[in-house]
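One structure is given below, encoded as structure tokens.
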Amino acid sequence: MVIYKVTAHTGKKLLAGTTSLIYIQLHGSEAESDEQNLNHHQGLLPGSERTFKIHCKVSLGELISVTLYSKPFMGLLYNQWFCDKILVNTPEGDKILFPCYCWLDCNEKLVLRPAKASLVFQDTNLIAQRQRMRQLEEQQKLFRWHVYAEGTPQVIDYDTAFALPAEVRFSFTKESDFYSSAGKQLAALKLTGLADSRKSWESISQLGVIICGNRGKTIEYTQEHWDEDEFFGYQFLNGLNPMMIQRCSKLPVNFPVTDDMVKGSLKGSSLEQEMKKGNIFLSDYKMLDGLVGNVVSGRQQYLTAPLVLLYCNPHGMMLPIAIQLKQEPSKENPIFIPTDSKADWKLAKIFVRNAEFGVHEVDFHLLRTHLLAEVFTVATLRNLPSPHPLYKLLFPHIRYTLQINIMARNDLISKDGAITMYSAVGGESLVKLMKRATASLTYSALCLPENISERGLENVPHYYYRDDGMKLWNIINKFVAAFLSHYYQIDAHVQKDTELHRWISEIFTNGFLGRDGSGIPSSFQTVTELVKFVTMVIFTASAQHAAVNNGQFDLGGWMPNYPTALRKPPPKVKGQTTENSILETLPDVSTTVNGMAVLRLLSKDSADHYPLGYFPENLYDEEVPCKLIEEFQKDLRELSDLIEERNKKLALPYIYLNPKTVDNSVAI
């Protein structure tokens, strides 16, 4: 008779304990144990550890897996159990960790594998191989691809978040916090009587009333400086969408700016001279060209596709020097410049900021972070079994992504969702824009070092998104390279990993729609190729999402700086805009406050927040990955200190890529 000592760890989450009967069975290479009840007539409490002994007639050999079963107590009483991990002490003196970190529902079973990571060709035991294949078969039944809209990345095949398997749903804490915050936002709007008001604002200053309870340093700065050229230009570098601006060495043929137009801005220099010096920049919203504005509250809204020319002056400030609101030049499409009337210039910038809302929210936020993170998540759950080292590496970066995206499809971009109801880019134009954005998406655009180089922004001053982002990219890359090189020691290991190749093949096919022109790999041949791609995956789900998400209320809560919709078409001539016509163009009261409520909700820190580098799950029992995680966390802390020290010297601190505020995953 031999004895296995087993310790079951219940999670500390709210409602993690259970009154259901939990059974366990050990599976070895030589034999398996009988089923044994863990809790008999005792419940398992949150945070508890329950140790017991399993008696076996003979040694089970190498432990391959642990199976957990849940049955209702007395055949009637049951609830879910959240198991953190199972620790087994063998008769031979080994301590083997079996990570779990998911919910076990009544009459369900979980098969847990040892924490030690292994590649498919390293699992030589036939039982382990069969379990590996069986796990993937079950996962592929649970997590299926679905075409949301032709020409866009495929999504998870679930209509509601509540239908998702428990292992990928919000925790009770996060779910209750999210819905509580949403309810408070809506209740506050109803109480003020603003949610249904179709009136125009009487003045810009009147907007101050609705943000009085949500003030922070950045939104106060935005309110004070939103119509200043310096702040307008600053946001192309460090605002919600620091991804549009690029160096301009030749004017587009459809943007006929002359030296005479900009001589005041260039202080006697010429466009050609400043282009040669690398001081002229362009932001082109051509992706919006031809899209028709949505109808909001029964009234037509208007979209433009502006071109913005900017000048980085000798003081390092990025300043707008010319704006054309439509793509095709004509007498009814004037080029606005800073020396035009104050009202003309202000309205031109407002139309640009509205275009910014559309492109930012649909392309750079929804597509390039949320939908891509969902692609990476589904491919991981379908193709990588729990012992796979890449599954373990990516596990923290797929948390809650499926649920938050289903909620976004149902509550934001559906027929009666907030974006459809309160933005000019909602409805049919949103899907068209998403298709255009998908068709133009490239691998290099997702890899920050290449993206910065392609846009010619290596030496632009005061580009804090680039500075912090490059440091973060390098820290993530260093960690990923060391981690993956521990398991893939030579290129041949990459080439032999059939699970890895199914993973990247599904990403290429279902996410990037098999577009060779995207540059996305459809297979890997070297460790270097794998490291680069995985660095991009983690950076996208964590840092890039933080950069385009976390400042939405800070920079967009002051509506004139980020209007979701505009009620009048762009001016065809100069000199006719007034402050009153600007107010008539801006969103009405209802559209404003409902849009603000959404931005506030999407920017709010969750009670269940896991910052980059924080891994609550104990997925490893090997020394090397544990040591690498410690080094990764140390590098992130040092970067946080550097960013915080720099920010002390800035009038407007750039906080969105401080690792302390970056989530591990797309979870909000």
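Glycine residues also receive a Cβ, built from the backbone N, Cα and C atoms like all the rest.
Counting only residues at least six positions away in the same chain, the Cβ atoms of Thr10, Gly43, Leu44, Leu45, Pro46, Ser48, Trp81 sit under 8 Å from the Cβ of Gly17 (Ca(2+) binding site). As annotated by TrEMBL, Ca(2+) binding site applies to Gly17.
Sequence annotations record features per position, and here TrEMBL assigns Fe cation binding site to His365, His370, His545, Ile668. Note: His370 (Fe cation binding site) has non-local neighbours Thr401, Ile404, Asn405, Ala408, His545, Val666, i.e. same-chain residues 6+ apart with C-beta under 8 A of its own C-beta.
Per-residue confidence over the domain 'PLAT' (2-118) averages 90 (mean pLDDT, predicted model). As annotated by TrEMBL, domain 'PLAT' applies to 2-118.
Among the features that TrEMBL reports, domain 'Lipoxygenase' is placed at 118-668.
The Cβ of Trp103 (site 'Essential for stabilizing binding to COTL1') lies under 8 Å from the Cβ of Gln80, Trp81, Phe82, Ala166, Glu167, Arg169, each on the same chain and at least six residues away in sequence. According to TrEMBL, the site 'Essential for stabilizing binding to COTL1' annotation covers Trp103.
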Seminar exercise, completed: His545 (Fe cation binding site), Cβ-centred 10 Å count of other Cβ atoms over all protein chains shown, is 24
For this session: Give the residue counts of the domain 'PLAT' (2-118) per reduced DSSP state, in the order helix, strand, coil.
Result: 0 helix, 64 strand, 53 coil
Exercise. Around the Fe cation site (His365, His370, His545, Ile668), what further same-chain residues have their C-beta within 8 angstroms of the site's C-beta centre?
Worked result: Leu366, Thr369, Ala373, Ile404, Val548, Asn549, Leu602, Val666
Problem set entry | Neighbourhood of His365 (Fe cation binding site), C-beta criterion under 8 angstroms, separation at least six | Val548, Asn549
